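Structure first, commentary second.
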Amino acid sequence: YPGGKQGMEVRSAVQGWAGAGRVALLGAVLLCVWWRAAAERVRYAIPEELGRGSLVGPLARDLGLSADELPARKLRIVAGDEKQYFSLQEDNRNLRVNDRIDREGICGAVSPCVLSLEAVVENPFDIFHASVTIQDINDNAPQFDEELVTKEMIESTPPGTRFPLGSARDPDFGENSLQNYELTPNTLFSLLVRESLDGTKYAELVLENVLDREKQRNHNLILTAVDGGDPVRSGTAQIKINVTDANDNPPVFTKEIYTVRLMENLPEGSLAFQVQATDNDESTNAEITYSFSDTAKSIRQLFTLDPRTGDAKVIGPLDYEERKYYEVSVEGKDGGGLTAHAKVHIDIIDVNDHAPTLSLLPIQNPIPEDSIPSTVVAVINVRDRDSGENGEVSCIMDGNLPFRLETSSENTYKLIIASALDREKVSAYNITITATDRGRPALSSSTELVLEVSDVNDNAPVFEEAAYSAYVAENNAAGALVLRVQARDADAGANGRVSYWLAGGSAGAAGAAPLVSVEARSGALYAQRSLDYEQCREFWVAVRAQDGGAPARSSTATVRVFVLDRNDNAPRVLWPAAGAAAAAGEGPAAAAFEVVPRSAEAGYLVAKVVAVDADAGRNAWLSYELVQASEPALFRVGLHSGEVRTARAVSERDAAKQRVVAVVKDHGQPALSATATLHVVLAESLQEALPELSERPAGAEAAAAAELQFYLVLALALLSALLVLSVALAVLARLRRA
């Protein structure tokens, strides 16, 4: 419940009311009380030793923050402790345990144990104060400083004499702390439990009957210390009693309780206190030896006691912030074994030995240069471990800067913009904040905060060139780099961070299947697919450069891409018409039949090979060459015209059938080619040439015969299968009728 005592009063009122009509009134009262309490301080209470992530309370809800406004309010917590025991999790809604909390280690014997923190929200800025009370659990058992306590008692000790047994230590608090002592049942001794001025319970052993050393020299008892926790924890110590001969007078201290006040910065070796006891006996029975009894080991590490003089000196550091009070038990024992006991109460006086500590929580860093005055840019939390005036701290800011400090609470300051900022004049401020306490002499500490002033978006990106040109060879790989554009923005941060986009272009360049894409961060243009010079020789795209400001600013540049031709098309023979495929690596082959009279003279035009190439430039320049002929000396081919002519006059000795193969090559690197085959018949007339034209090669006749034989066998197999199927169907029909 966030309202402390007020929340308890409301709960009591709820238990006493009934009826549906009062429920609405109760809800209104609860809401009013909650808002009033939240404005003062939000309080939670949790047990110690909770695991990391354990829920402390719904801080956002208790501060009146809804889930919708949480992202904008930026809820954060500021803790003055060196250790962050709490954190905000689950979208900054719930306050949870961040680290192990040991009440005894944090607060010791102080009660209640309260950890304070501040919650900071923005838009608008506000600070809420919260406290978490750490409740004790019974996680420590009582423990004696010494497991074996030895006592010497003279046999003449009268019944009723009391002997201090010391006290056990239990760091827990309240009911979980030490509550009682128990002693092993016996006839000689009983146990008396007493309480000192600081509330510490200690045990005294009471002699009930006369001791007789001649009957029993030693007695062994068990002392048990128990706490009030659930379940109960306990610790034990063994008491060994040695019975000695008579010594009439025990020592007597000058005071039963000594009170001492020591400064916490007392140097080692200084006299802390002095105890003195007297004994009316003589000789060795009057010689008194002093020693600590029932004193914790931690105290023995701070003080040493001279056994002869009773002088106690400081041997360890005294720290008021760690412990403000000590109680020491001193035992004086004479030579005959009689003892006396006195207590020394030591109060530690605080001195100004701790400088203030500062913790900073920047709210805005960097600060927009158009921020208005009175804007909170940081929260400063100050702490001083000293007390009183030594712990009262004030803060100042060094230098003449456009900021000022305002007090938010006892230990919290706000750093606020005092006047307008101009990034063009000053882009960053080094602010030194000094905290000074009121001790004598005063101690101070400083911390430095660097606040940067952020720019507003007042500059658009500027391209290095207004128009770019790029040249890409066709048949490029998809994803190949085409060009890299670059624009610069004079602004800083996100306002100067430039991204690139395509913003249109010529047909096909930025349509459903664009030819190029641009990388948003680098401005690199990449080909989306392989380009074909024969389909697209050039195109242009518009590239927009846009910064990351709000609102964003942009500019546009034009990129014109020229596609360069490659020799990727072989020559295509238009005449003679295409026939069988050429050899591997060449273009298609073409074949035709021509009749040349035997009376043809040299230079007679037999035929003209016509070819084209889809490439451009040198890749489309064609040349013709005769690569094979039955009579190589009979024919020639024009290098550039492709005309096949007779190189000499036809003679009667020339074979009637001639085969001429011409190759067409382009001038690309590497060159591509195609072939054309002419079958030339030497005859004076068409009738004379017909027998030659009707003859087929022997290989062709053999292939035709093999093909005919295959089809005959296939037809015979199909007829046989049909006959067998018909007979089977007839037999089945007869069997069915039968």
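Cβ coordinates come from backbone N, Cα and C, glycine included.
TrEMBL annotations: computationally assigned, not manually curated.
Note that this is a predicted model, so its numbers are computed, not measured.
TrEMBL annotations:
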DOMAIN    38-144  domain 'Cadherin'
DOMAIN    145-253  domain 'Cadherin'
DOMAIN    254-358  domain 'Cadherin'
DOMAIN    367-463  domain 'Cadherin'
DOMAIN    464-573  domain 'Cadherin'
DOMAIN    596-693  domain 'Cadherin'
TRANSMEM  710-733  transmembrane segment
- Item | Recorded stretches the domain 'Cadherin' (367-463) and the domain 'Cadherin' (38-144) touching, at least 3 CB pairs under 8 Å | yes
- Could you count the residues of the domain 'Cadherin' (464-573) that DSSP puts in helix, in strand and in coil? 4 helix, 51 strand, 55 coil
- Query: Under the DSSP assignment, what numbers of helix, strand and coil residues are found in the domain 'Cadherin' (254-358)?
  - Reply: 8 helix, 46 strand, 51 coil
- Task: Express the predicted model's confidence over the domain 'Cadherin' (464-573) as a mean pLDDT, rounded to an integer.
- Result: 87
- Query: Could you count the residues of the domain 'Cadherin' (145-253) that DSSP puts in helix, in strand and in coil?
  - Reply: 3 helix, 56 strand, 50 coil
